[in-house]
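Student: Copied straight from Swiss-Prot:
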type: DOMAIN; residues: 3-73; note: domain 'Sushi 1'
type: DISULFID; residues: 5-44; note: disulfide bond
type: DISULFID; residues: 30-71; note: disulfide bond
type: DOMAIN; residues: 74-133; note: domain 'Sushi 2'
type: DISULFID; residues: 76-118; note: disulfide bond
type: DISULFID; residues: 104-131; note: disulfide bond
type: CARBOHYD; residues: 115; note: N-linked glycosylation site
type: DOMAIN; residues: 136-193; note: domain 'Sushi 3'
type: DISULFID; residues: 138-178; note: disulfide bond
type: DISULFID; residues: 164-191; note: disulfide bond
type: CARBOHYD; residues: 221; note: N-linked glycosylation site
(Lines of atoms letter the chains of each structure in order from A and count residues from 1; the text may use other names and numbers.)
(Lines give C-alpha, C1' and ligand atoms only; values in the text may rest on other atoms or scores of the structure.)
Protein backbone atom coordinates (compact mmCIF):
# COMPACT_ATOMS: atom_id res chain seq x y z
CA UNK A 1 0.00 0.00 0.00
CA UNK A 2 1.16 3.54 -0.71
CA UNK A 3 2.29 5.48 2.35
CA UNK A 4 0.34 8.70 2.83
CA UNK A 5 0.69 11.37 5.48
CA UNK A 6 -2.28 11.73 7.80
CA UNK A 7 -3.22 15.47 7.63
CA UNK A 8 -4.60 15.36 11.18
CA UNK A 9 -1.20 14.41 12.61
CA UNK A 10 1.03 16.99 10.91
CA UNK A 11 -0.18 20.54 11.69
CA UNK A 12 2.18 23.49 12.06
CA UNK A 13 1.35 26.44 14.29
CA UNK A 14 1.13 29.68 12.32
CA UNK A 15 1.59 28.06 8.90
CA UNK A 16 0.46 25.36 6.51
CA UNK A 17 1.88 22.36 4.66
CA UNK A 18 1.81 20.83 1.19
CA UNK A 19 2.04 17.12 0.37
CA UNK A 20 4.90 15.88 -1.81
CA UNK A 21 5.69 12.67 -3.68
CA UNK A 22 2.09 11.54 -3.87
CA UNK A 23 1.51 12.17 -0.18
CA UNK A 24 4.57 10.28 1.10
CA UNK A 25 6.23 13.45 2.39
CA UNK A 26 5.32 17.03 3.22
CA UNK A 27 6.84 20.50 3.21
CA UNK A 28 5.90 23.13 5.80
CA UNK A 29 5.22 26.69 4.67
CA UNK A 30 5.20 29.91 6.69
CA UNK A 31 4.23 33.55 6.04
CA UNK A 32 6.97 35.96 4.85
CA UNK A 33 9.48 36.75 7.60
CA UNK A 34 8.96 33.37 9.29
CA UNK A 35 10.58 29.96 8.95
CA UNK A 36 9.29 26.46 9.89
CA UNK A 37 11.03 24.88 12.88
CA UNK A 38 12.54 22.54 13.83
CA UNK A 39 12.51 21.35 10.19
CA UNK A 40 10.86 22.26 6.89
CA UNK A 41 10.31 18.80 5.36
CA UNK A 42 9.12 15.48 6.82
CA UNK A 43 8.57 11.94 5.55
CA UNK A 44 5.73 9.68 6.68
CA UNK A 45 5.76 6.07 7.84
CA UNK A 46 3.42 3.21 6.89
CA UNK A 47 0.92 4.26 9.58
CA UNK A 48 0.64 7.76 8.11
CA UNK A 49 2.50 9.42 10.96
CA UNK A 50 5.35 11.78 10.11
CA UNK A 51 8.91 11.17 11.24
CA UNK A 52 9.78 12.64 14.68
CA UNK A 53 10.46 16.36 14.91
CA UNK A 54 14.17 16.47 15.64
CA UNK A 55 16.76 19.12 14.98
CA UNK A 56 20.52 19.09 15.51
CA UNK A 57 21.68 21.16 18.49
CA UNK A 58 24.92 22.91 17.51
CA UNK A 59 26.08 23.38 21.12
CA UNK A 60 25.60 19.73 22.16
CA UNK A 61 26.16 18.18 18.68
CA UNK A 62 23.09 16.02 19.30
CA UNK A 63 19.47 15.85 18.13
CA UNK A 64 16.76 17.41 20.27
CA UNK A 65 13.12 16.36 19.88
CA UNK A 66 10.30 18.90 19.65
CA UNK A 67 6.63 18.38 20.44
CA UNK A 68 5.16 20.31 17.50
CA UNK A 69 6.21 22.24 14.41
CA UNK A 70 5.69 25.98 14.38
CA UNK A 71 6.51 29.08 12.37
CA UNK A 72 9.08 31.28 14.09
CA UNK A 73 9.85 34.87 13.21
CA UNK A 74 13.18 35.67 11.57
CA UNK A 75 14.98 38.80 12.84
CA UNK A 76 18.08 40.69 11.75
CA UNK A 77 20.67 41.16 14.53
CA UNK A 78 21.24 44.70 15.84
CA UNK A 79 24.57 46.42 15.05
CA UNK A 80 27.07 47.13 17.78
CA UNK A 81 28.08 50.75 18.42
CA UNK A 82 29.57 52.08 15.19
CA UNK A 83 33.23 53.13 15.55
CA UNK A 84 33.54 56.88 14.76
CA UNK A 85 29.89 57.03 13.68
CA UNK A 86 26.28 56.34 14.60
CA UNK A 87 23.16 54.65 13.28
CA UNK A 88 19.42 54.85 13.81
CA UNK A 89 16.85 53.65 14.75
CA UNK A 90 18.15 51.64 17.70
CA UNK A 91 16.05 48.55 18.47
CA UNK A 92 16.70 45.27 20.33
CA UNK A 93 16.04 43.39 17.07
CA UNK A 94 14.81 44.20 13.60
CA UNK A 95 12.01 42.43 11.68
CA UNK A 96 12.26 41.97 7.89
CA UNK A 97 11.64 45.26 6.08
CA UNK A 98 13.33 47.39 8.77
CA UNK A 99 15.82 50.02 7.56
CA UNK A 100 19.00 51.27 9.24
CA UNK A 101 20.69 54.59 8.48
CA UNK A 102 24.41 55.24 9.12
CA UNK A 103 26.53 58.40 9.34
CA UNK A 104 30.12 59.19 10.35
CA UNK A 105 31.50 61.80 12.74
CA UNK A 106 33.28 64.86 11.37
CA UNK A 107 36.67 64.03 9.85
CA UNK A 108 35.69 60.47 8.88
CA UNK A 109 34.42 59.21 5.55
CA UNK A 110 31.75 56.54 5.25
CA UNK A 111 32.59 53.48 3.15
CA UNK A 112 29.87 50.95 2.46
CA UNK A 113 26.09 51.27 2.45
CA UNK A 114 24.65 54.37 4.20
CA UNK A 115 21.28 52.57 4.39
CA UNK A 116 20.60 48.85 4.92
CA UNK A 117 17.39 46.82 4.86
CA UNK A 118 16.60 43.66 6.83
CA UNK A 119 15.75 40.89 4.34
CA UNK A 120 13.31 38.00 4.73
CA UNK A 121 16.21 35.64 5.47
CA UNK A 122 17.37 37.62 8.51
CA UNK A 123 20.32 39.24 6.72
CA UNK A 124 21.12 42.91 6.19
CA UNK A 125 21.37 44.18 2.60
CA UNK A 126 24.34 46.05 1.19
CA UNK A 127 27.97 46.34 2.25
CA UNK A 128 28.83 46.76 5.94
CA UNK A 129 29.53 50.49 6.47
CA UNK A 130 32.69 51.73 8.22
CA UNK A 131 34.00 55.19 9.12
CA UNK A 132 37.61 55.76 8.09
CA UNK A 133 39.98 58.75 8.27
CA UNK A 134 42.68 57.25 6.02
CA UNK A 135 45.40 57.33 8.69
CA UNK A 136 46.16 53.58 8.70
CA UNK A 137 48.03 51.37 6.25
CA UNK A 138 44.78 49.42 5.90
CA UNK A 139 41.28 50.93 5.81
CA UNK A 140 39.07 50.41 8.85
CA UNK A 141 37.80 46.79 8.68
CA UNK A 142 34.04 46.27 8.39
CA UNK A 143 32.31 45.19 11.60
CA UNK A 144 29.15 43.22 10.84
CA UNK A 145 25.92 43.64 12.78
CA UNK A 146 26.03 42.04 16.27
CA UNK A 147 29.85 41.64 16.05
CA UNK A 148 32.34 43.22 18.44
CA UNK A 149 35.87 44.17 17.36
CA UNK A 150 39.04 44.24 19.46
CA UNK A 151 41.89 46.38 18.14
CA UNK A 152 41.91 49.92 16.77
CA UNK A 153 45.35 50.11 15.09
CA UNK A 154 45.39 49.52 11.35
CA UNK A 155 49.11 49.67 10.54
CA UNK A 156 51.05 46.96 8.71
CA UNK A 157 50.93 43.58 10.57
CA UNK A 158 48.43 44.88 13.14
CA UNK A 159 45.62 42.44 13.92
CA UNK A 160 41.99 42.83 14.90
CA UNK A 161 39.73 40.22 16.50
CA UNK A 162 35.99 39.71 16.17
CA UNK A 163 33.37 37.96 18.27
CA UNK A 164 29.60 37.61 18.12
CA UNK A 165 26.92 38.29 20.69
CA UNK A 166 25.14 35.53 22.64
CA UNK A 167 23.19 33.05 20.52
CA UNK A 168 24.87 34.05 17.24
CA UNK A 169 27.34 32.09 15.11
CA UNK A 170 30.45 33.70 13.59
CA UNK A 171 31.06 32.95 9.90
CA UNK A 172 34.30 34.20 8.37
CA UNK A 173 37.60 35.17 9.97
CA UNK A 174 37.74 35.74 13.73
CA UNK A 175 41.23 37.29 13.39
CA UNK A 176 42.39 39.51 10.50
CA UNK A 177 45.81 41.07 9.87
CA UNK A 178 46.76 44.19 7.92
CA UNK A 179 48.86 43.04 4.95
CA UNK A 180 51.02 44.80 2.38
CA UNK A 181 48.94 46.53 -0.24
CA UNK A 182 46.46 47.85 2.30
CA UNK A 183 44.29 44.73 2.47
CA UNK A 184 43.07 42.62 5.40
CA UNK A 185 43.72 38.89 5.55
CA UNK A 186 40.84 36.42 5.65
CA UNK A 187 37.21 37.22 4.96
CA UNK A 188 34.75 39.66 6.50
CA UNK A 189 33.14 38.00 9.56
CA UNK A 190 29.38 37.80 9.89
CA UNK A 191 27.24 37.04 12.92
CA UNK A 192 24.32 34.87 11.85
CA UNK A 193 21.26 33.90 13.88
CA UNK A 194 20.45 30.15 13.90
CA UNK A 195 17.25 30.73 11.89
CA UNK A 196 18.73 33.07 9.26
CA UNK A 197 19.07 31.76 5.71
CA UNK A 198 20.07 32.78 2.18
CA UNK A 199 17.16 33.91 0.03
CA UNK A 200 17.30 33.65 -3.80
CA UNK A 201 18.04 37.38 -3.97
CA UNK A 202 20.96 36.94 -1.51
CA UNK A 203 22.42 34.18 -3.70
CA UNK A 204 21.95 36.25 -6.86
CA UNK A 205 23.69 39.24 -5.27
CA UNK A 206 26.64 37.06 -4.21
CA UNK A 207 27.03 35.67 -7.72
CA UNK A 208 26.84 39.12 -9.30
CA UNK A 209 29.43 40.53 -6.88
CA UNK A 210 31.79 37.64 -7.63
CA UNK A 211 31.38 37.99 -11.38
CA UNK A 212 31.80 41.76 -11.39
CA UNK A 213 35.07 41.47 -9.47
CA UNK A 214 36.66 38.66 -11.47
CA UNK A 215 35.23 38.28 -14.98
CA UNK A 216 35.56 41.62 -16.81
CA UNK A 217 37.76 44.10 -15.00
CA UNK A 218 40.44 46.44 -16.31
CA UNK A 219 43.80 46.54 -14.57
CA UNK A 220 45.65 49.77 -15.37
CA UNK A 221 48.92 48.26 -14.11
CA UNK A 222 48.86 45.19 -16.39
CA UNK A 223 48.56 44.27 -20.04
CA UNK A 224 44.95 43.11 -19.70
CA UNK A 225 42.45 44.95 -21.87
CA UNK A 226 39.33 46.58 -20.39
CA UNK A 227 37.08 43.70 -21.52
CA UNK A 228 39.52 40.79 -21.36
CA UNK A 229 38.30 37.97 -19.15
CA UNK A 230 40.59 37.06 -16.29
CA UNK A 231 40.86 33.72 -14.48
CA UNK A 232 38.41 33.29 -11.63
CA UNK A 233 39.84 32.04 -8.33
CA UNK A 234 38.36 31.19 -4.95
CA UNK A 235 40.57 31.71 -1.90
CA UNK A 236 39.48 30.06 1.35
CA UNK A 237 41.67 30.10 4.44
CA UNK A 238 41.36 27.90 7.50
CA UNK A 239 38.98 30.22 9.34
CA UNK A 240 36.74 31.12 6.41
CA UNK A 241 33.60 29.44 5.12
CA UNK A 242 32.79 28.49 1.53
CA UNK A 243 29.10 28.36 0.58
CA UNK A 244 28.34 26.24 -2.48
CA UNK A 245 24.96 26.77 -4.16
CA UNK A 246 23.60 24.25 -6.69
CA UNK A 247 21.10 25.65 -9.19
CA UNK A 248 18.77 23.21 -10.94
CA UNK A 249 16.55 24.25 -13.86
CA UNK A 250 13.36 22.24 -13.58
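Count begins at 1; order follows the chain as displayed.
Using N, Cα and C of the backbone, Cβ positions are placed for all residues, glycine too.
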Student: If you count Cβ atoms within 10 Å of the Cβ of residue 104 (disulfide bond), leaving out that atom itself, what do you get?
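Tutor: So the Cβ neighbour count for residue 104 (disulfide bond) comes to 20.
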Student: Might you list, by sequence position, any residue in that chain lying six or more from residue 76 (disulfide bond) with a Cβ less than 8 Å away from its Cβ?
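Tutor: The answer is 93, 94, 95, 96, 98, 118, 119, 122, 123, 124, 145, 196.
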Student: Can you check what DSSP calls residue 71 (disulfide bond), collapsed to helix, strand or coil?
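Tutor: It is in a strand.
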Student: Compare the C-alpha of residue 138 (disulfide bond) with the C-alpha of each of the recorded positions 71, 104, 115, 131, 164, and give the closest one.
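Tutor: It is 131, whose Cα lies nearest.
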Student: Rounded to the nearest Å, what's the C-alpha distance separating residue 164 (disulfide bond) and residue 178 (disulfide bond)? Just drop the number here, would you?
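Tutor: A Cα-Cα distance of 21 Å.
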